[in-house]
Amino acid sequence: MVDYHASNNQTPYSSSGQQQRNMEQENDWDRDLLLDPAWEKQQRKTFTAWCNSHLRKSGTQIENIEEDFRDGLKLMLLLEVIAGERLPKPERGKMRVHKINNVNKALDFIASKGVKLVSIGAEEIVDGNAKMTLGMIWTIILRFAIQDISVEETSAKEGLLLWCQRKTAPYKNVNVQNFHISWKDGLAFNALIHRHRPELIDYDKLRKDDPVTNLNNAFEVAERYLDIPKMLDAEDIVGTLRPDEKAIMTYVSCFYHAFSGAQKAETAANRICKVLAVNQENEHLMEDYEKLASDLLEWIRRTIPWLENRAPEKTMAEMQQKLEDFRDYRRVHKPPKVQEKCQLEINFNTLQTKLRLSNRPAFMPSEGRMVSDINGAWHKLEGAEKGYEEWLLNEIRRLERLDHLAEKFRQKAAIHESWTDGKEAMLTQKDYETATLSEIKALLKKHEAFESDLAAHQDRVEQIAAIAQELNELDYYDSPSVNARCQKICEQWDALGTLTQNRRESLERTEKQLESIDELYLEYAKRAAPFNNWMEGAMEDLQDMFIVHNIEEIQGLITAHEQFKSTLPEANKERESIQAIQAEVQKIAQYNGIKLAGNNPYTSITPQSIDKKWEKVQQLVPQRDQALQEELARQQSNDHLRRQFANQANMIGPWIQTKMEEIGRISIEMNGTLEDQLTHLRQYEQRIIEYKPNIDQLEGDHQLIQEALIFDNKYTSYTMEHLRVGWEQLLTTIARTINEIENQILTRDAKGISQEQLHEYRTSFNHFDKDHSGVLQAEEFKACLISLGYDVETDKQGEAEFARIMGIVDPNNSGAVTFQAFIDFMSRETTDTDTADQVIASFKILAGDKNFITAEELRRELPPDQAEYCIARMAPYAGPDAVAGALDYMSFSTALYGESDL
């Protein structure tokens, strides 16, 4: 089946200038080729037959082309017949001057039709110059038989060639590429006849290797049934290496004009093809939208459960891996989906614009796949994403605190266990049973010192229990071992309390038997115990872990440490005083010859242990200094990262806001043509895209901050999440604005709207857009309609008219009218588009004025894919005049435009 694409609304020429260029091109014939005897013979025969086919309408003819036109009489008569106009009255004289005047009248008439005659003068025609005469006749044939041929956007020779190619395309062994070699085997002539009158020729019996038979068959059929005189002999064409192009074009033009009546059906088929092509394209766009929407919603559906998963990990390393996975999602997986979402909205707007331009109903996606549904799902995704990030950071803080508390618990537990080691054995010994009175008194005093020491350790036990309780509340993964150790410490502590009480009772029972006491030992013990506790507390504090989040906190620790160091001289004096007591004991014992039984009976704290612990404190102080300075350096580095991020964020944030405001102004203002605006917007978009490295740099700074576990920044109010959202909104807004301009260009070109009309529409729209929001609210739109002369006042008829118009410009009932919908409405009011009635009329032509059409007729007149498209969707015709295989083209045409009836 032939592929139809030409429109029956096209004019033969694009302009008078184009017409003149076509004539000059065709008139530039090669006169030297006329000297070829074979070509000259073909031209004489063809041109003579062509002239006679017109002259016979006036009852005359010519025999010799160069002789019979010499007096100009038959030449003027030929022009009157083919042009349908009267020429000036010819001169009947026999003199040469009379003949020249007649020929000049004919040549002047030809020139008046826009034909440029090249070196053809009346004298050469009167003198019987064969070359000039043939050139003149060819010029006449071009102007009156070939130039007016128009197929699609081509005319004259190209139009005739395109027509031949269209008509002969389905035929085997036919490939028309020119007007000489392509016609030698005669199959092209037969194909033209068979295409329009298949009953005249049995094409399948023709053979490519028998050109003479093929040519004679075509010429005889054309002369007998189509009233086309035989203009060439088959032997002349076959016997020539390259047939004369002008002779073939002249002959073929007669076929074109003989079959010109078939153009009406071709035009009807073209209209249907156009409508069906639009419908198929729209269906393809709808399918693409549905697939893209489904894929995006499925990705969101799979991603949200992952972001909503709050299953905590046990260690920092595992949580850090979760955070890295989340960063990969942000950097790698999400950006393409942001682009897909933007492209989906652009495709949806473009599809709706094309549907409006083709007078089709608005596209309603399947349930759950509206743009609003996708935006809702996307909003839910971003909410889950924000919550997941906050959870991750909070969980990392929790694990960090847990690690700190666990280490603190182990240190305090180890110190306490070291202190309690051996205490039970000491409390259960029976040494008082064999001791002297002085020893008993010493044991009693020693026990009192131990009780003081025991009371001093009560706070540490309570701290250990409190830390264990906090670890349980924070769901520490190793809580069972912590609880077991804490339970053991508490049970041991209770046992120590019981044993201490029991020993005190035993000593008090024997106290009456003990009278001597060494006051110095007692004083030593009483002063050594708290000092010893102070040193142990100092060592514990100096080795205690710390966690800070800013410079102020670490500076506070450094200040506290400096204050502690300032107390060391006084502590050293206390140590020397305690050691002086022990020295005094030794001095008195030596002076009085007293043999000491051993260590101080009131305390286990020896001078050596005090000195050892004091040395330990002296060692820990510089170590603490170094740890605090290292932490200060780290916090200074963190503060530098904060300032670095803040400097960039404080520049990018206002930049994004400024660009958003500029885009808003651009979308409202109308400077220059739509193409200028589109070019400007695309350049503007490119400049925005070129700014992307700044965003990437800021992302890198943000990653460094997160890796450093920095959770606040007093130098800026901008967060990375805020800037990401602003950047994505900026890209989406500029893409939407460009799409709106492209849709306006589509509307303008499809509706034939001038730039001045678009400017007027934009001026009216902006005038009533009081809040500069880019859309008209219902009341603003009503005021605009009233200013344009529409009767939409508050009476019932006006309200009904306004409701009808709002149904057109706002099919989704959003309550607002966009500029695109506004110009669609205004262009619809002033332009025409294809309608269901026009399509029905076109089908009626193809059906031969019947109320139904058959599948065979559709396959014959339409391209294969569009014919099968119609056959698959047309319902059987059920009218009284129905025949087998009849199809209902009226209901089909109505359905194309979404109408319920004609």
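Using N, Cα and C of the backbone, Cβ positions are placed for all residues, glycine too.
In TrEMBL, annotation is done automatically, which means it is predicted and not curated.
Quantities reported herein were computed from a predicted structural model and do not represent experimental measurements.
Copied over from TrEMBL, here are the features:
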COMPBIAS  1-22  compositional bias 'Polar residues'
DOMAIN    41-145  domain 'Calponin-homology (CH)'
DOMAIN    154-260  domain 'Calponin-homology (CH)'
DOMAIN    756-791  domain 'EF-hand'
DOMAIN    797-832  domain 'EF-hand'
REGION    1-27  region 'Disordered'
Within-chain partners of the domain 'EF-hand' (797-832) [C-beta distance under 8 Å, separation at least 6 from its ends]: 349, 353, 356-357, 362, 740, 743-744, 747-748, 751-753, 757-758, 761-762, 765, 774-778, 781-782, 784-785, 790-791
Averaged pLDDT score, the domain 'Calponin-homology (CH)' (154-260): 90
Tally of residues which DSSP labels helix, strand or coil - the domain 'EF-hand' (756-791): 23 helix, 3 strand, 10 coil
The domain 'Calponin-homology (CH)' (154-260): DSSP-derived helix, strand, coil residue counts: 64 helix, 2 strand, 41 coil
Secondary structure content, the domain 'EF-hand' (797-832) (per DSSP, counts of residues): 25 helix, 3 strand, 8 coil
